[in-house]
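Q: My questions will all concern the structure given below.
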Amino acid sequence: MIDSEALENERTKLKREIAELRAALNRKEQCLRDLETTISEATGDEDDVHPDTNGGVCHTQLSNDDIARYSRQLILPDFGVQGQLRLKNSSVLIVGMGGLGCPAAQYLAAAGCGKLGLIDYDEVERSNFHRQILHSEARCGMSKAESARIALLELNQHCEIRCHTRLLNSRNAMHIIRTYDVVLDCSDNVATRYLLNDACVMLRKPLVSGSALKTDGQLTVYCYGNGPCYRCIYPVPPPPEAVTNCGDGGVLGAVTGTIGAMQALEAIKVIVGLGDVLAGRLLIFDGSSCLFRNIRIRSKRPNCHVCSAQPLITELIDYELFCGMHATDKDNPLQLLASEERLDVEEYRNKVQQQPHLLIDVRQPAEFEICQLPDAVNVPLAEVLDDSYLKRFSKQLEDTQLPIILLCRRGNDSQIAVQHVRNRFPKHSIRDIIGGLHAWTHKVDPSFPIY
């Protein structure tokens, strides 16, 4: 008789052992990458790359395999053999192997782009999988660039893939970008957008820029023909508190897939000379209604600091300093309050939580539904700022001795809320929790969900 319980236990054991082996392999591979980076830095090489497999050869004809593989686009009248050869001899740099970069790279590799450069300093984690479609659970913890390379070579082994596993910055950007024909901005932060724009203007490289947030996406091509650059449209960066990335605002995976695929399309059009490139225009996608709009954007700014006839910026600058933001999409803590106006999460647990107080969670209702602290009441930040919460807590707010604690996901929105509430109730003790719910998980309760 089959012992089903024993078989199930054996299966569970094997799955656990396989997961442990994969994790060990990922750690070893990361150690190797770190060692190669150290060697690269010691020898003055700014790249983490794989050897050039085509030796810089200019292909003048297609192989039988090329013809069979790419036949459906070869028969397009405006594409043909010459279009495929241009793709085969082209190189595209994709900055960010996330929700935009993954589908863009997938379609470029599938279309027969000769060389792809993949830039990403980050590692694969579980929160990536719903939109970053080249990565897999088996490669959790692996460099995103390396993970994408594995998937792309399974799709098309003839595509040369170069991995740059370090953070793009002012010191290495020019060296890396100059070896590619087209650049795709698939990043999720303002500092990198300015860095890429300035480098592409200086090196005269077309820049295909995409973005996606919630159910919306945008796409345009900068530094192409007589079209404007990013600085022409945004000469001054926005304040840090006005910037929302997908880690804070959320995004539907299919929206990033839509924009990423269209970034690949624009890159192909630039390389092949196909159709009307999206320069001087902005494509806006509303995923909630599936509507596309195509609008004209301003022309080149005559006094642009980078792309004008007499530019003020002729070399790359410190973009994190210029933007007041980190060049990553990781937690970027704001510093809007003095230290005495803030509360450490452990101090809250040990002292304040045991006493009467009003704990206001300023996240959106959808986020509050995911997880919340005991006794927290949900008042979204927008309601705090427009004072619509006042009637709800009129009795509590009459007691000036009752501490008011503001809480959010990471400790950023709560600072904005504190500033506003303090102006309305200057006699109250009003503070926020440093690091928000992320800090609660990391320092107090590891079982508390993190997202």
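Cβ coordinates come from backbone N, Cα and C, glycine included.
What Swiss-Prot records for CYS246 is active site, glycyl thioester intermediate. Residues or ranges marked as active site, cysteine persulfide intermediate in Swiss-Prot: CYS408. Sequence annotations record features per position, and here Swiss-Prot assigns ATP binding site to GLY99, ASP120, SER127, ASN128, PHE129, HIS130, ARG131, LYS144, ASP188, ASN189 based on sequence analysis. According to Swiss-Prot, the feature Zn(2+) binding site maps to CYS229, CYS232, CYS304, CYS307, an assignment based on sequence analysis. Sequence annotations record features per position, and here Swiss-Prot assigns domain 'Rhodanese' to 353-449. Taken from Swiss-Prot, the feature phosphothreonine covers THR60.
So that I understand the layout, could you describe where these features sit and how close they are to other parts?
A: In the three-state DSSP classification, CYS246 (active site, glycyl thioester intermediate) falls within a helix.
CYS408 (active site, cysteine persulfide intermediate) carries neither a helix nor a strand DSSP state and counts as coil. For CYS408 (active site, cysteine persulfide intermediate), applying a Cβ distance below 8 Å and a minimum sequence separation of six or more within one chain yields ASP361, VAL362, ARG363, LEU381, SER414, ALA417, ASP432, GLY436, LEU437.
Counting only same-chain residues six or more apart in sequence, the Cβ atoms lying under 8 angstroms from the Cβ of SER127 (ATP binding site) belong to TYR451.
Counting every protein chain shown, the Cβ of CYS229 (Zn(2+) binding site) has 22 other Cβ atoms within 10 Å.
On the 0 to 100 pLDDT scale, the domain 'Rhodanese' (353-449) averages 92 in this prediction.
Listed in sequence order, the residues of the same chain lying 6 or more apart from THR60 (phosphothreonine) and placing their CB within less than 8 Å of its CB are LEU85.
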Q: Given GLY99 (ATP binding site) and CYS246 (active site, glycyl thioester intermediate), what distance in Å do their CA atoms have, once rounded to a whole number?
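A: Pair distance, Cα basis, whole Å: 10 Å.
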Q: Can you name every residue in this chain, apart from CYS229, CYS232, CYS304, CYS307, with its Cβ inside 8 Å of the center of the Cβ atoms of the recorded Zn(2+) site?
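A: Surrounding the site, in chain order, are ASN197, VAL201, TYR222, PRO228, TYR230, ARG231, LYS300, ARG301, HIS305, VAL306, SER308.
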Q: Give the number of CB atoms, excluding that of PHE129 (ATP binding site) itself, located within 10 Å of its CB.
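A: Its Cβ has 14 other Cβ atoms within 10 Å.
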Q: Of the recorded positions PHE129, ARG131, ASP188, CYS246, which one sits closest to CYS307 (Zn(2+) binding site) when you measure Cα to Cα?
A: ASP188
Q: CA-CA, which of the recorded positions PHE129, ARG131, ASP188, CYS246 lies nearest CYS304 (Zn(2+) binding site)?
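A: Its closest listed neighbour, by Cα, is ASP188.
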Q: From the Cα of PHE129 (ATP binding site) across to the Cα of CYS229 (Zn(2+) binding site), what is the distance in angstrom?
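A: Distance (Cα to Cα, whole Å): 32 Å.
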Q: From the DSSP assignment alone, can you count helix, strand and coil residues within the domain 'Rhodanese' (353-449)?
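A: Counting residues by DSSP class gives 37 helix, 14 strand, 46 coil.
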